[in-house]
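Asks: The structure that follows is given in the form of structure tokens.
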Amino acid sequence: MARLGVNIDHVATLRQARGGTEPDPVAAAAIAEFAGADGITIHLREDRRHIQDRDLKILRQTVQTRLNLEMAATEEMIAIALSVKPEACTLVPEKRAELTTEGGLDVRIHQEALKVAIEKLQAGGIIVSLFIDPDPDQIKVANKIGADYIEIHTGSFAEAKNWKEEELELIKIENAVKLARKLDLGVNAGHGLNYTNVKKVAAIGGIEEFNIGHSIMSRAIMVGLDRAVRDMSELVRYA
Ligand SMILES: CC(=O)[C@@H](O)[C@H](O)COP(=O)(O)O
Ligand SMILES: NCC(=O)COP(=O)(O)O
């Protein structure tokens, strides 16, 4: 059965809109865990647009499941991760001007630097995942440079404009899962998944963890966070 990692970035986005103290992502993480989340995911961006260093430090003490820190592979972020020690780090690409992550990491181009980052994090006892597109070349390099996991970027699938495009993207994801499993890489998936499209990806099988944020928080505004997490948890587990 797949696990659900609840991304709480958007709780922090709402707090930062007023620059105050509420809503607090720390409280959201606790509610998500009570509702059955298997892990909490946060993205500490270099520009600190949502999650703050304070959130990471407190969450390290309060999260009872697993803390997955998404971050760029920079010296600053590696030092922070090594001092806070989340269970897992997912290395993601970052562009200052983007509204959200626009694609997977190019691990082929950045393989030397990523290998060093992976080694440093693993030496600190942290599991390392690389957020990449469902592309066989990227998966092979992720394996070569020693990643423990890949997280398949599902954004192109989620943004498909018609069923045909969606089907093609789904096949890419399916093949990516097969290849990664053959190479003995753990497989996670996420970005843009919602209560409708997640069913098709979860039905593929072989994906250990889904990291989902925006759709859960959007639904939480309507029905409450507890219910939103329970509903998503059921979808990823029993698809
Ligand atoms: C890496 C990823 O797909 C998401 O975690 C997403 O980037 C969340 O961060 P933002 O909410 O800043 O886009
Ligand atoms: N890595 C993907 C993630 O954590 C959540 O992405 P989204 O569901 O907010 O698009």
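Each Cβ is built from the backbone N, Cα and C atoms, and glycine gets one as well.
The annotation active site, proton acceptor is assigned in TrEMBL to H43, E70. Feature annotation from TrEMBL assigns active site, proton donor to H191. Residues annotated as 3-amino-2-oxopropyl phosphate binding site in TrEMBL: N7, R18, G192, G213, H214. The feature 1-deoxy-D-xylulose 5-phosphate binding site is assigned by TrEMBL to D9, H10, R45, H50, T100. Taken from TrEMBL, the feature site 'Transition state stabilizer' applies to E151.
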Asks: Taking only the recorded positions D9, R18, H43, H191, H214, which have a CB closer than 6 angstroms to any atom that belongs to ligand 1?
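Replies: Result: D9, H43, H191.
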Asks: For the recorded 1-deoxy-D-xylulose 5-phosphate site, enumerate neighbouring residues of the same chain (Cβ within 8 Å of the Cβ centroid of D9, H10, R45, H50, T100, site residues themselves excluded), in sequence order.
Replies: N7, A12, T13, H43, R49, I51, G213
Asks: Fewest other Cβ atoms within 10 Å: which of the recorded positions D9, E70, E151 wins that one? Let me know.
Replies: D9
Asks: Out of N7, E151, G192, the recorded positions in the record, which is closest to H50 (1-deoxy-D-xylulose 5-phosphate binding site) when you go by Cα distance?
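Replies: So, spelling it out, the nearest of the recorded positions is N7.
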Asks: Would you kindly give the Cα-Cα distance separating D9 (1-deoxy-D-xylulose 5-phosphate binding site) and G213 (3-amino-2-oxopropyl phosphate binding site), rounded to the nearest Å?
Replies: 7
Asks: Taking the Cα atoms as reference points, how far is E151 (site 'Transition state stabilizer') from H191 (active site, proton donor) in Å?
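Replies: So the Cα of H191 (active site, proton donor) lies 10 Å away from that of E151 (site 'Transition state stabilizer').
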Asks: Cα within 10 Å of N7 (3-amino-2-oxopropyl phosphate binding site) is the criterion; apply it to the recorded positions H43, R45, T100 and give the hits in sequence order.
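Replies: Candidates kept after distance check: H43.
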Asks: CB neighbours of R18 (3-amino-2-oxopropyl phosphate binding site) within 10 A?
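Replies: Summing over all protein chains shown, R18 (3-amino-2-oxopropyl phosphate binding site) has 8 other Cβ atoms within 10 Å.
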Asks: Given the recorded positions H10, H43, R45, E70, which lie within 10 A of H214 (3-amino-2-oxopropyl phosphate binding site) by CA-CA distance?
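Replies: Near H214 (3-amino-2-oxopropyl phosphate binding site), where near means Cα within 10 Å, the recorded positions are H10.
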Asks: When the Cβ positions of the recorded positions N7, H10, H43, G192, H214 are compared with the atoms of ligand 2, which fall under 6 Å?
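Replies: Cβ < 6 Å from ligand 2, in sequence order: N7, G192, H214.
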